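Q: Here it is: the structure, laid out below.
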Amino acid sequence: MKTLIRLAVCIAVMIQSQAYSQSGSMVEVKGGEFIPLYGTKTEVPVGDFLMDVYPVTNAEFQQFVESNPRWRKSQVKKLFADDNYLRNWKDDLSLGEGMLPNSPVTNVSWYAAKNYCECQGKRLPTVDEWEYVAMANEKQPDARTEKTYNQFILSWYETPDTYKKTIGNTFKNYWGVYDLHGLVWEWTSDFNSVMIGGESRKDSTGDNNLFCGAAAVGATDLMNYAAFMRYAFRGSMKAQYSVKNLGFRCVQDVEKSEL
Amino acid sequence: MKNSKKTKKGLIVGFFFAALFAGLFSSCEKAVAAKEDPESMKVYGESEAEMTAPPFVPRPVGKRAATKLIVNMEVIEKEMEMSDGVTYVYWTFDGTVPGSFIRTRVGDEIEFHFKNHPDSKLPHNIDLHAVTGPGGGAESSFVAPGHESVFTFKTMNPGLYVYHCATAPVGMHIANGMYGLILVEPEGGLPPVDKEYYVMQGDFYTEGENGERGLQAFSMEKAVNEDADYVVFNGKVGGLTGDNALTAKVGETVRLYVGNGGPNLVSSFHVIGEIFDKVYVEGGAMINENVQTTLIPAGGAAIVEFKVEVPGNLVLVDHSIFRAFNKGALGILKVEGEENPKVFGGKIEEKVYNPGTSVSGVTEEATEGGLSAEMSMAEKMERGKQVYTQNCLACHQATGAGIPNAFPPLASSDYLNKDVHRAIEVVKFGLTGEIQVNGNVYNSAMPKQNISDEDVAAVLTYVYNNWGNNKSEVTQEMVKKVK
């Protein structure tokens, strides 16, 4: 029963927010195979899917919490979001001072992000899906060997306060997706499945990990520092954590959308 | 001093009794052993560690017992100055490079509160080389932005240790400034000294070359190639010079806790004008004496001590010397106080040294032969200018104006215009002693110029036909005659 109500609410929200925002804009990503950072020699298959063109914005998330009181910061269960959840917001429904409606929403937990996507009939991307799309630059689907590609990403990691920028600020990549690099980190559904522990130098001990980013042993591209940092970041996360530089976007399976 | 005597006495008495009653009190031996094993050292009370930004260090532990020590540390990513007009986004422990100095004693139980500021882009952790345990605490301390992790450890080995961030990619975290020192003092503390300072070297890799202005990004490529743009003490060029210079007074004993964060370069640490009376080699228990330069590996440290006997500026350098002169690895320890001529007399005399031979020998030979063909006036002027630039300009200046009170002017010079032969003599053989030029007295020395007669003729012709002089032409013949 409860689930049904929730679903109804979600659908209502979905209709509302679709009308309101850009969240409707998705682009299709043609699947393929690639070797992610943690892979050894085996390619990982990625299916076709649709991805949000932009990260979810403050305004969009505002709509979401209006319709879903349980995700308001005063009501959210501690199990699902820590004290940093929507920390910069003035109150349950209004953005904090200086926050722009069109900036990516941050300080959201994995649970909140996941539910947001579900309410839209979407889901969070997997690490592999996210990395697959994010290895593109403007021209190529896989630009990981380009010096400029790496340099761009490294330099945003080093630039403070990029979460305050508005969406669409960075380049449109090969797939037509914006802002994968340059504004905020993004949640993925299985963010913690590739472990980078705190200890970055330990040899891979056979678990599936990069426990050790410099698990130089377990990684394919030692020069892709940007990717190391993403995996390290994900490794430091727990699902209830909310972080100032961490937002999200949703994806959708192609079949579903064609229904 | 008194105290240590007492302790000695106490010890002797203790041993005496121990020896006497060894059979009866077998537990006595155990008690002594227990005292030496840090693991079983009892801790008394609880306190918060004093943390200091470089170049300062917290108060010595002295004779305090082992305790539970709360250490609070925060990771802050922020833009700071690397050099004049050059900035860099540093990743720091407590907002400084190197991070705060942590001072403990052996047997302390450390409760480490490790926080990552919410504004941070990245997760971080800390690997303390003073920790006995996995990753030096790296795994246990791994913390996301806006979060805190708490871990504990016991200080088992006295010494000076590096701590650093070990999050992937570890090299980049260190290259951005994430290192510092933790001192574990032995029981009873290190011997007291007058001044203690905290100095740490690090190498930096920027997209722009050394000195290129503006905010500089980290260059992964240069870091991998170990091609540093900056090698500095305490996080930036000038981190220990000018207003940041260290100070001491004559007669004081100075102890430097010197670390090297790397990430790549090994330091040839040297203090120009001092000899280290003591070096705690690699920060450990072994003491070497009378050391000029001590090697500090990346991720290593040393304690150096020296008494400063005379006033002046002592210069801290990485004696891999281009780093000091071109990349910033320079610091100053300013020593104030009375001169001490017994130790250092200073310069007592300066005079001309003229062995009368030429090292190259070439020009001497050239003058032995006959005259070469006399140059035309135009040729002399051109050649003369070259000779002037190479041999005379440094002192007499490009305009012939000289330098007041040091080098007499050649422009509108009464001394020159009065006597050409004397001028030739000066160039050929040098001149020492007092002369008067245009009403001013000069008393210095001009060395003999090792140039051919032809060149003497040319340069003097050039000088006489410039800057308001009397336009004399000097020939090889005239030069040859002057002996």
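Using the three backbone atoms N, Cα and C, a Cβ is placed for every residue, glycine included.
Among the features that TrEMBL reports, signal peptide is placed at B:1-33. Feature annotation from TrEMBL assigns Cu cation 1 binding site to B:His124, B:His129, B:His164, B:Cys165, B:Met178, B:His319. Feature annotation from TrEMBL assigns Cu cation 2 binding site to B:His173. Annotation comment: TrEMBL describes B:379-467 as domain 'Cytochrome c'.
I'm curious about the neighbourhood of these features; can you describe it?
A: A 10 Å cutoff on Cβ-Cβ distances gives B:Cys165 (Cu cation 1 binding site) a total of 28 other Cβ atoms nearby, all chains included.
In the three-state DSSP assignment, the secondary structure recorded for B:His173 (Cu cation 2 binding site) is helix.
Mean pLDDT for the domain 'Cytochrome c' (B:379-467) in the predicted structure: 88.
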Q: Round to a whole number and give the Cα-to-Cα distance in Å for the pair B:His319 (Cu cation 1 binding site) and B:His173 (Cu cation 2 binding site).
A: 26
Q: What's the CA-CA gap between B:His124 (Cu cation 1 binding site) and B:His173 (Cu cation 2 binding site) in angstrom, rounded?
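A: Cα-Cα, rounded: 8 Å.
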Q: So of B:His129, B:His164, which of the binding-site residues has the fewest other Cβ atoms within 10 Å around its own Cβ?
A: B:His129
Q: If you count the other Cβ atoms within 10 Å of each Cβ, which of the binding-site residues B:His124, B:His173, B:His319 comes out on top?
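A: When each Cβ's neighbours within 10 Å are tallied, B:His124 leads.
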